[in-house]
Amino acid sequence: MNKSETIAVAMSGGVDSSTVAAMLRAEGYNLVGLTMQLWNQRRLAHHEGFGEPGVGRCCSLDDVYDARRVAETLAIPYYVVNQEDRFERDVVKPFVEDYLSGRTPIPCSLCNNHLKFDQLLRTAQQIGAEKIATGHYARNDFNAQTGRWELKRPADRAKDQTYFLFGLTQEQLSRTLFPLGHKTKPEVREDAKNHGLKLFEKPDSQEICFIPNGDYKKFLDAYLEEQGESLPDTSGELVTSSGEVVGHHTGIHNFTVGQRKGLGVATGSPLYVIELRGDKRQVVVGNNDELLTRNLRAKRMNWIAVSDLAQPMRVHAKIRHKHEPAWATIEKTGDDEVLVTFDDPQRAVTPGQAVVLYDGDVVVGGGWIC
């Protein structure tokens, strides 16, 4: 890449993105720092259990301050891009709607797919930057044989973020740099220290950025209250897969597939949530074996390594961020739908989550489990 070109660095205020900026600056690139302001932590801080205003991850004022301080240290221009309205529309509201209907959403993927990369590239273009660079642990390069950009798993498997990036387009991949793709997290912290960044020991972000305490149930209650609404009545029956009513629950949003605790039913053997039937307000429970399945369907597919799925393909399929990819066969069942058949049964396949498909290190594509 021509070092006279300008790169916009997405700066979250964390170690990873700050190190990316320091690395590229040291290599002689022209840089501009950009922070996406997505959520005002003060909005719900008055609600019980949400802590002091401004406390949080990724969206807090502390993180903006840290990003600005790094930009000043590196002597690069820095801008904050306010996208709170779009974030609420495209990420927060779908998150709330999904939980209330019995699905378990992934807001980080929604944010990457529908907002973050799109807006970063738009802003970069407006300020004269040809590419963006982020602190994600992933790799990308152009495959001359297929004529397509590829997204690949990083060197540090423990930090692999490709699961959340399956929605990236060819245009986005062609204009994005992932400088940390060949590094491990300890190496990144050491690089940050060597570059004189005071935040080299800053803890990693763990929570959903707009739910800093991790309690999504309190968030739902607080957010709906702010909107002048209240939690809808989604209470209903606890039933077995055969239809036997074994109890009642106070709201379908309190459960997710695979959950064992908090069912309120005493039996001779452990029970787990097998399925959530939002239309009937039923929580289906059963034993652990009933959580196992060999098949799933996914919709709203995004293909990366291939332009489309012309015939059945052998892949490794990943059904949640911490899930070890498992051998499976995929085949199209509709214009935007695939059937994934695993060699071995997988536990707790959850509607609302993503399934991401791999050919070795290469992300073939991904979609939303239905």
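Glycine is no exception: its Cβ is also placed from the backbone N, Cα and C atoms.
Mapped onto three states, the DSSP output places CYS111 (active site, nucleophile) in helix. Taken from Swiss-Prot, the feature active site, nucleophile covers CYS111, and the record attributes it to sequence analysis.
Every protein chain shown contributes to the tally, and the Cβ of CYS209 (active site, cysteine persulfide intermediate) ends up with 21 other Cβ atoms within 10 Å. The active site, cysteine persulfide intermediate feature in Swiss-Prot is assigned to CYS209.
Classification of ASP16 (ATP binding site) by DSSP places it within a helix. Among the features that Swiss-Prot reports, ATP binding site is placed at ALA10, MET11, SER12, GLY13, GLY14, VAL15, ASP16, SER17, MET36, GLY135, with the record citing sequence analysis.
The Cβ of CYS111 (active site, nucleophile) lies under 8 Å from the Cβ of LEU38, PHE87, ASP90, VAL91, each of these being in the same chain and 6 or more residues away along the sequence. Annotation comment: Swiss-Prot describes CYS111-CYS209 as disulfide bond, evidence class sequence analysis.
Summarising the annotation, Swiss-Prot assigns site 'Interaction with tRNA' to HIS136 (among others) and lists sequence analysis as the type of evidence. Counting only same-chain residues at least 6 apart in sequence, those with a Cβ under 8 Å from the Cβ of HIS136 (site 'Interaction with tRNA') are ASP16, GLN161, LEU165, PHE178, LEU180.
The site 'Interaction with tRNA' annotation in Swiss-Prot covers GLN353 (among others). In sequence order, THR104, ILE106, ILE319, ARG320, TRP368, ILE369 make up the list of same-chain residues 6 or more apart from GLN353 (site 'Interaction with tRNA') whose Cβ falls under 8 Å from its Cβ. DSSP assigns GLN353 (site 'Interaction with tRNA') to a strand.
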Rounded distance in angstrom between the Cα atoms of ALA10 (ATP binding site) and CYS209 (active site, cysteine persulfide intermediate): 16
Which residues in the same chain, at least 6 apart in sequence, have a Cβ under 8 Å from the Cβ of MET36 (ATP binding site)? ALA10, VAL81, GLN83, LEU115, LYS116, GLN119, LEU120
Would you mind reading off the Cα separation of SER12 (ATP binding site) from CYS209 (active site, cysteine persulfide intermediate), to the nearest angstrom? 11
Where does MET36 (ATP binding site) sit in DSSP terms: helix, strand, or coil? strand
